[in-house]
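What TrEMBL says about this one:
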{"type": "REGION", "residues": "B:1-25", "note": "region 'Disordered'"}
{"type": "REGION", "residues": "B:456-478", "note": "region 'Disordered'"}
{"type": "TRANSMEM", "residues": "B:30-47", "note": "transmembrane segment"}
{"type": "TRANSMEM", "residues": "B:59-77", "note": "transmembrane segment"}
{"type": "TRANSMEM", "residues": "B:86-106", "note": "transmembrane segment"}
{"type": "TRANSMEM", "residues": "B:126-144", "note": "transmembrane segment"}
{"type": "TRANSMEM", "residues": "B:153-171", "note": "transmembrane segment"}
{"type": "TRANSMEM", "residues": "B:183-211", "note": "transmembrane segment"}
{"type": "TRANSMEM", "residues": "B:255-271", "note": "transmembrane segment"}
{"type": "TRANSMEM", "residues": "B:278-297", "note": "transmembrane segment"}
{"type": "TRANSMEM", "residues": "B:354-378", "note": "transmembrane segment"}
{"type": "TRANSMEM", "residues": "B:399-423", "note": "transmembrane segment"}
{"type": "TRANSMEM", "residues": "B:429-448", "note": "transmembrane segment"}
Amino acid sequence: MTAEIVLQVFRFGFLLLLWLFVFAAFRVVRADLLGGRTGRVSSVPPRAQAGKKRGGRGPKNLLVTAGPLSGTKITLGEQAILIGRADDSTLVLTDDFASSRHARLTNRGGQWYVEDLGSTNGTYLDQQRVQGPLLVAPGQPIRIGQTVLELRS
Amino acid sequence: MAAPAAGPGTDPRQGAPGVTTPPKRRGTELLMLGFAVLITLAAQTIVDITVTGSPSPEIATFGAWFTGLWLVAHLVVRKVAPYADPLLLPCVAVLTGLGLSMIHRLDIAANALGESVSAREDAPTQLLWATVGMVLFVAVLLVVRDHRALSRLAYTIGLVGLVLLAIPAVLPSALSEVNGAKIWIRVAGFSIQPGEFAKICLVIFFAAYLVDKRDVLALASRRVLGLEVPRARDLGPVLVAWGVSILVLVFERDLGSSLLLFGIFVVMLYVATERASWLLIGVLLFAAGGTVAYQLFGHVRVRVDTWLDPFAYYPDGGGYQVVQSLFGLGTGGLFGAGLGGGRPDQVPVAKSDFIAAALGEELGLFGLVAIVVLYLVLVERGLRTSLVVRDGFGKLLAAGLAFGVAWQVFVVLGGVTGLLPLTGLTTPFVAYGGSSLVANFGLVALLVRISDAARRPAAPPAPPAPKLGEALTEVVKP
């Protein structure tokens, strides 16, 4: 039979090992949360450049304020944002009132314009149905079916 | 199923100049997997040295096999789901490894006493099942390249789930009954519990169905006493789910699956509609069903009575298992008896239903809590995936699968510790049982697939804009 001291070392050593694994997992969770932020931080230089161009006053996020996807936040860049039910949209809606390619937000010189892509039920900017491209101010609600979006700076 | 243009495996933004892709974290996963394998091998060695005085020669074969298993999993994930969550696999690896070690330890105990009827070794069988599970894991990842493809097959998958659930009820008892529960298919020496697979199929179906119907279920409601109450005709789905659970309870005498399915459905309904009234309706339906079942069915009554006062049915009667399990947990105390130092074989069916009691006895409260926290990390990663992924079906599927694991662990540990009536569910990944292990590996494969889609950088719109290379759009969770 093995010596008692060895058994005690095994007994507590194994618990220690198990908890070390748990804490390693916590570290990964933490790094994951912070990693997301560093990912954004490292994408700051190009955005700062763009900000210089337009005086740093352009909106930075597109926030979903109502609807099933409420709370989803999309960081804005230079690229257009496609909204609709199609799988390859930037914001994929699962809404019976949305068309597969419903609307598009485009950036022109730091300003964002919303444009309807021929949807069935229409896109509304502040109660007004969007016909041609319209300038969107931060905080102005864009409604698509049950989803409401806002630009936030 | 044709994959969409920007399917997994192709990263359109890779190598684009000036663009930071989110970290894939596959190195972290490999490191954590190595840690998991180390813990498993330590557990096996400690068991061998404590019980027999020297490490058994099989440990080398076991170690190589077990390491190979996770190495394969890691390489496949690296290849086909490079953005997958780095913690899902390592948590599963530790839990599986601890389970294997404890089953090995119980094998030794049974053989030493000569109590084992067939003197067979269950740990190698379980390792074989883990291998089969890994084959399923790899197959799911290779076949399901985009989880949204599943929503198109949802009704077929749902039907398969119902059939799987119903088979044991229809089969003659000789082929389907073990210890009073008719939940098996026994063919040529193999026992399969189809309910474990049915669970996953039904979660897929629920997710697709609720994404379709949630507008009706969420919006058409009246306000009664400050609570949004749905219209009577919208109660159909929840009543059907409830009915199926009751049928399972009646015809298969399986309290666990019944509770598991109904709980998952109600919570998915809640997640889909954000209406707390569904939870209330679920609890009321459960209370009604439980009361009636208690009155009508002897097997339910026995479970509830032994839960309320297990010592009244000890040592003869239904309380024996629970009381032995409580004794084991009590003996273990805070720090446990040490691996191989306790008598976990004193609890009947310690390898499958009561493996948590065995682990609690030998690792103590500290060890058992560590195991619960590992489940917590697994579930947290699943729920986080659900938050981050951008399509509704993926959200509901990930939430349903993650909640399923949490609910199952809660019900099993509740049963073992006397908090809830015994249900006969198995501890996911840890308990001895092929179907449970294989099915849960499939479940993890789905979570890995969805988490890959969730963490993958947003694909640019289909008609490529000229400035694609400088794409900056990324989704940040709330």
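Glycine is no exception: its Cβ is also placed from the backbone N, Cα and C atoms.
These figures come from a predicted structure and were not determined experimentally.
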Could you tell me whether the transmembrane segment (B:429-448) and the transmembrane segment (B:354-378) are in contact, taking contact to mean 3+ Cβ pairs under 8 Å with a sequence separation of 6 or more?
yes
Of the stretches B:59-77, B:86-106, B:153-171, B:255-271, which racks up the most C-beta pairs under 8 Å with the transmembrane segment (B:278-297)?
B:255-271
Would you kindly list the residues that approach the transmembrane segment (B:59-77) from elsewhere in its chain, counting only those six or more residues past its ends and only Cβ-Cβ distances under 8 Å?
26, 29-30, 33, 36-37, 40-41, 44-45, 48, 84, 89, 93, 97, 100, 127, 130-131, 134, 137-138, 141-142, 448
Answer with yes or no whether the transmembrane segment (B:399-423) touches the transmembrane segment (B:126-144) by the criterion of at least three Cβ pairs under 8 A, sequence separation 6 or more.
no
List, by number or range, the same-chain residues at least 6 past the transmembrane segment (B:399-423) whose CB is under 8 A from its CB atoms?
199-200, 203, 206-207, 255-256, 259-260, 263-264, 267-268, 271, 303-304, 306-307, 310, 321-322, 325-326, 329, 353-354, 356-357, 360, 372, 375, 378-379, 381-383, 385-386, 431, 440, 443, 446-447
